[in-house]
Amino acid sequence: MARTVPLERIRNIGIAAHIDAGKTTTTERILFYSGVVHKIGEVHEGTAVTDWMAQERERGITITAAAISTDWLGHHINIIDTPGHVDFTIEVERSMRVLDGVIAVFCSVGGVQPQSETVWRQAERYQVPRIAFVNKMDRTGANFFRVCQQIGDRLRANAVPVQIPIGSEAEFEGIVDLVRMKAYLYKNDLGTDIQEVPIPDSVKDKTEEYRLRLVESVAEADDALMEKYLEGEELTADELVAGLRRGTIAGTMVPVLCGSAFKNKGVQLLLDAVVDYLPSPLEVPAIEGHLPDGEVATRPAEDKAPLSALAFKVMADPFGRLTFVRVYSGVLEKGSYVLNSTKEKKERISRLIILKADDRIEVDQLNAGDLGAVLGLKDTLTGDTLCDDQEPIILESLFVPQPVISVAVEPKTKQDMDKLSKALQSLSEEDPTFRVSVDPETNQTVIAGMGELHLEILVDRMLREFKVEANVGAPQVAYRETIRKAVQAEGKFIRQSGGKGQYGHVVIEVEPTEPGTGFEFVSKIVGGVIPKEYIAPSEQGMKEACASGVLAGYPVIDLKATLVDGSFHDVDSSEMAFKIAGSMAIREAVGQADPVLLEPVMKVEIEVPDDFMGNVIGDLNARRGHIEGQETEQGIAKVAASVPLAEMFGYATDIRSKTQGRGIFSMEFSHYAEVPRNVAEAIVAKSRGYA
């Protein structure tokens, strides 16, 4: 089957923003105006097409990145609607990895919020071009120009308004297009009766001011246009669009649009901007990967090139296991066999699907640049590469943050034990930030994730989708241990008791390293003091010993172990003996190296009415928080703080009661920090069963 849409007419875009900025509503309107759905779905009514999980429809938040296709002006647009809640950051992360462009949605009242900054950083990491949509222009307190200023100041982006609103709040009635110098008024509630009118006198001055800024921004980036501009010639609309497109794709400009998705204003112009300014797969750098010999190679976005595709999401579905993929090069064909180069396993492509709203459309192939889903893959997980087995390549995987909170779960009945393990396996395959382990001491199943809401929703899904009722323990913090000074230590394992003995002996130097480096190992063995085949087992023993620290049994991180000396026995030495010796040496070294306990510290942002600010700051101080900034705007106080996760359990309930239900907060993992001595003593005592 030949390609139906040329590559230059494909757009792979995401819609991302802070929670409640109106992403899902914007997506719904895009689907309505582009003809995919014939009735508008509403988030608050629980009928949004992209919010298809029961919990999403109940809570009015988007949890999983739903992928949907639509068409506009002869272009094929694949859209991913991402969640705005920080507990679901992995969903944003994995969608950024496979997108070519993003619509960043901002609330015209709230402006740049904490999660907006997180999403922006993720887009920066993958160098994804962005356009901004200032939504909710009909809300009381809406201020388009203030939000443009914040995008420049807080996100350090070159925000270039390409539209300005006509009126705001209840008076918001239309939009001026600064590129084509046309004004549009919306005459009906559905947003389908749009009249082109002369630019109203009320916005003439603003129009001229922002048109001049737009022209100067575009001219500055292009010598030929600058020359034309300086000679006093007008730049044409086509020249402005081409200049904005170049700037957006290069990441030097962010075109800013406005509207109200809920009131059906500005969405068609937003779709025009997706086509005008965001890149096709041909206009972004070719995907890079590693060949089997470690060499870096690129794969061009062409159907004729060897196949390379990235699995960016796995989902349990009533019809089977759905694996969402982005095809970067070549063609993925139904019925073919491909290589999962990450796992080195062959997979059969039994069925291929693209999603249009709730409909699954079966297709025979996915071409370069396409997003779609494969049914029935057995071994492929998030971040794996699918490729041609004759031309193997491994694409860069996803950045997966470490979980920061864990709870113990157990089924309410013994009969549910099997169902629980199947449910947990299925959920952990879908979500790389969700980890399952068994506590070796209590034999309890422990689940770990990115926050309380994350785990709450996963437990809820176990009940709804897998019919497993579970008892859930109190949340536990993922503490870590590290060292503060460099020491030398040795580990000697000798066992002589008839028959073949055991002998392993290592001398190591251990030193602290930069935060976030984990465990590093270096061998400085020379002259065969320890045979080469015993060095890897020594390292393995050290690594395994670091899984349980000397203070309270938490993993030891951020240290470097250097193997400097040792000895061996011709007959009695073995890999196992050196593994045990390595383990003994690291435990001895960590014990001497001034070990300390580390705890996860969260970046917390809180918004409360001004009257409650004193209470909130006092409460944060009591929670060992460090206030990093505060500002007041229109009677709303915004507080930024760093607070240990251990002090934040149940905060959602506490802040509601302290602010009469009017306070909101968001938090995300920031860094690990040393636990104060008095708190650490209590944690250590509890871990040893003294408390």
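Cβ coordinates come from backbone N, Cα and C, glycine included.
According to Swiss-Prot:
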DOMAIN    8-282  domain 'tr-type G'
BINDING   17-24, 81-85, 135-138  GTP binding site
Cβ contacts of Met137 (GTP binding site) (under 8 Å, same chain, 6 or more positions away): Ser108, Phe144, Pro165, Ser168, Glu169, Phe172, Cys258, Gly259, Ser260, Lys265, Gly266
Per DSSP, three-state class assigned to Asp20 (GTP binding site): coil
For Ala17 (GTP binding site), the number of other Cβ atoms found within 10 Å of its own Cβ: 28
Overall pLDDT of the domain 'tr-type G' (8-282), taken as the mean: 82
Cβ atoms near Asp20 (GTP binding site) (within 10 Å, other residues, all chains): 18
